[in-house]
Amino acid sequence: SGIVLVAINPYEQLPIYEQDVIYAYSAQNMGDMDPHIFAVAKEAYKQMARDEKNQSIIVSGESGAGKTVSAKYAMRFFATVGGSASETNIEAKVLASNPIMEAIGNAKTTRNDNSSRFGKYIQIGFDKRYHIIGANMRTYLLEKSRVVFQAEDERNYHIFYQLCASSSLPEFKDLGLSK
């Protein structure tokens, strides 16, 4: 294990994630500036380039902790320092989830009305100049039990309620759904 960063989701946009901050962290060594997701990303990027070995950043936390947003910031850092931010728009492409996927894997929890119940493994590929050349994201469902049981003040996956709301449509007639 390498560097550990403990971050708190402020539930609002802060100016500490803007482009000028990326440039500030990309020009510094680890420890020269305050702890930040950009510092962690910079260290992984630097070690990838120096050692020519794969690097991993694990983003972990409870529902609503800001894991997806932290991953977006790390990807934005990689795209910017690799000179491919304008070409790739990598964070949007990798994390773009279609509405069906969101409906199947998101549910209301006590901490978040639209909490992703997926685990995500994002793999980013770089060329020899360390520009992003591709990425993929694998998802896996974390809570199969939610289908048959929900804790108090929580809900099943959004798709369940969307199907029930659409039960009167002719194409859903054979499913035997009701309000």
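Just so you know, glycine gets a Cβ as well, placed from its N, Cα and C.
The annotation ATP binding site is assigned in TrEMBL to Gly61, Glu62, Ser63, Gly64, Ala65, Gly66, Lys67, Thr68. Taking all protein chains in view, 12 other C-beta atoms sit within 10 angstroms of the C-beta of Glu62 (ATP binding site).
Per TrEMBL, domain 'Myosin motor' is recorded for 1-179.
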Return the residues near Gly66 (ATP binding site), defined as same-chain residues 6+ apart in sequence whose C-beta is under 8 angstroms from its C-beta, sorted by sequence, else 'none'.
-> Ala7, Ile8, Asn9
In chain order, residues whose C-beta lies under 8 angstroms from the C-beta of Gly64 (ATP binding site), counting only those at least six residues away in the same chain, are Asn9, Thr109, Arg111, Asn112, Ser115
Count of other CB atoms lying within 10 Å of the CB belonging to Gly61 (ATP binding site) = 13
Identify all same-chain residues not among Gly61, Glu62, Ser63, Gly64, Ala65, Gly66, Lys67, Thr68 whose C-beta atom falls within 8 angstroms of the centroid of the ATP site's C-beta atoms; report them in sequence order.
-> Asn9, Asn112
